[in-house]
Amino acid sequence: MQTLLVSSLVVSLAAALPHYIRSNGIEASLLTDPKDVSGRTVDYIIAGGGLTGLTTAARLTENPNISVLVIESGSYESDRGPIIEDLNAYGDIFGSSVDHAYETVELATNNQTALIRSGNGLGGSTLVNGGTWTRPHKAQVDSWETVFGNEGWNWDNVAAYSLQAERARAPNAKQIAAGHYFNASCHGVNGTVHAGPRDTGDDYSPIVKALMSAVEDRGVPTKKDFGCGDPHGVSMFPNTLHEDQVRSDAAREWLLPNYQRPNLQVLTGQYVGKVLLSQNGTTPRAVGVEFGTHKGNTHNVYAKHEVLLAAGSAVSPTILEYSGIGMKSILEPLGIDTVVDLPVGLNLQDQTTATVRSRITSAGAGQGQAAWFATFNETFGDYSEKAHELLNTKLEQWAEEAVARGGFHNTTALLIQYENYRDWIVNHNVAYSELFLDTAGVASFDVWDLLPFTRGYVHILDKDPYLHHFAYDPQYFLNELDLLGQAAATQLARNISNSGAMQTYFAGETIPGDNLAYDADLSAWTEYIPYHFRPNYHGVGTCSMMPKEMGGVVDNAARVYGVQGLRVIDGSIPPTQMSSHVMTVFYAMALKISDAILEDYASMQ
């Protein structure tokens, strides 16, 4: 009996150890000297240790015969304490060494630059994001197969992989009473990524239920689980959190349990500069990568099978361009020989965010977050008829304008994308905007235009990869509907903040406050928004997965066209935006592509 008690005590104490003690082993295992891998050969090299990179590395190395090297510019950060682990500290990490903070070009909409927040460390942006766990509309994912020809990329398959990644925690009675709704059939329970209600232990604010009451008066559904393929309505939602409320980031979940595998190595503090290509045959082949920290200190490491780019939608396309894979018009002026001519870096689609914030009465105090995924008609309200007229008459003009600005390469192909978006809006009633409510001391709405029609680009500006000189231009609001949509959604947030049951807790507006008349019309909002918004940090599309003739860079197995042994496996490849937070889809992508890689590996044995 005494032995049993002692054993139980030891187990309990071990479980209670702070994460920074439990993670000492992983930090000691990380390689920091590039000479440890320089000149070596492994089966697979992964450029980038973020969400998709670490998920794929963990999946591939389940086979002890497969060796994987992950190269990451940052370090292990999951044990940094509340600034990383506490989702309620969202934003505090911005501007630190864990934030790449990529700067855009000077934006035409306001003659200012903006910062793109992106995680620099093992786990990537799962270290710094808000942790929201929702899924897009079924029609959006289905279109990847039906419109873009990506066989196997449909809702049923992608949702199955997303559930495979998930370890869901159902809300308790208190959380359900506060506004959570849970459909067990829409969640996985045996996966790796912990997802469940955010709960500080404080009472929940009644403002969430007040919002639900206010939108129900408008015919908007409220008992919604945003994981089921139709995110329209108002509800609370899961976050990527353990039950003890510690962030469930990609390094904690995919690397920490697996770092002791002898076939998995992780090199930190190094940048992948370019892919090494062999051109002995008719088709170039990726045989490794060059990596380093600056031009005078680079190394090569070699891949027996494949190189997998997972550096994110801002950086993976630049690695391709530095490698000679991209548009001749971009590469040749920099003195880079074009090995494969592809529209790399185009089709960049990021969302925008503006804020409406109000003071609340003491009766409204408490924790709580909820989202209103609003349809096109709900977003535009009385302006809906005119907005639909734009959709029905302007698509071809918008495509021509986007191509002329360098955001895409072909008007006909872009028109197919626009018609797809119109189909979502008109025939499937997908969510067009998101009003994200946080009740932490205020009633604050972050408001997103979810489906931008504008197209931007990212391109290198120098042939030296280690200078990190590239132009990132999302071209925010250069499409008239995008500006109108962001303006209308933000106007809607102001309206709902002081409507119906919400009025009970309204104690005056602080943002926009006096910066915009309370009775401002939509035209006034379109003048206000360009100077009072931020990027949403959800850029996709820069190495789009679609047919070459439509502007694709990779095929439906994420293989780069015209190159053997090279894939892009990150947020660069979705060909469209989504009415969702993107993590659920990115985890599904990583697992689905991993299976494709493993199938190819098995066929070679």
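Including glycine, each Cβ sits where the backbone N, Cα and C put it.
Note that this is a predicted model, so its numbers are computed, not measured.
Here is what Swiss-Prot records for this protein:
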SIGNAL    1-16  signal peptide
DISULFID  CYS186-CYS228  disulfide bond
ACT_SITE  HIS538  active site, proton acceptor
BINDING   ARG559, VAL560  O2 binding site
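Distance noted between the C-alpha atoms of ARG559 (O2 binding site) and CYS186 (disulfide bond) is 30 Å. ARG559 (O2 binding site) carries a strand DSSP state (E or B).
The two recorded residues, VAL560 (O2 binding site) and the residue listed as 'active site, proton acceptor', show a Cα separation of 22 Å. Under DSSP, CYS186 (disulfide bond) is assigned to a helix (H, G or I) in the three-state scheme.
Between the CA atoms of CYS186 (disulfide bond) and HIS538 (active site, proton acceptor) there is a gap of 23 Å, rounded to the nearest whole number.
Secondary structure from DSSP puts CYS228 (disulfide bond) in coil. In sequence order, ARG135, ASN183, SER185, CYS186 constitute the residues six or more apart from CYS228 (disulfide bond) in its chain with CB-CB distances below 8 Å. For the residue listed as 'active site, proton acceptor', the same-chain residues lying six or more positions away in sequence with a CB closer than 8 A to its CB are ASP350, GLN351, GLY571, GLN577, HIS581, VAL582.
Counting neighbouring Cβ atoms within 10 Å of each of the recorded positions (CYS186, VAL560), the lowest count belongs to CYS186.
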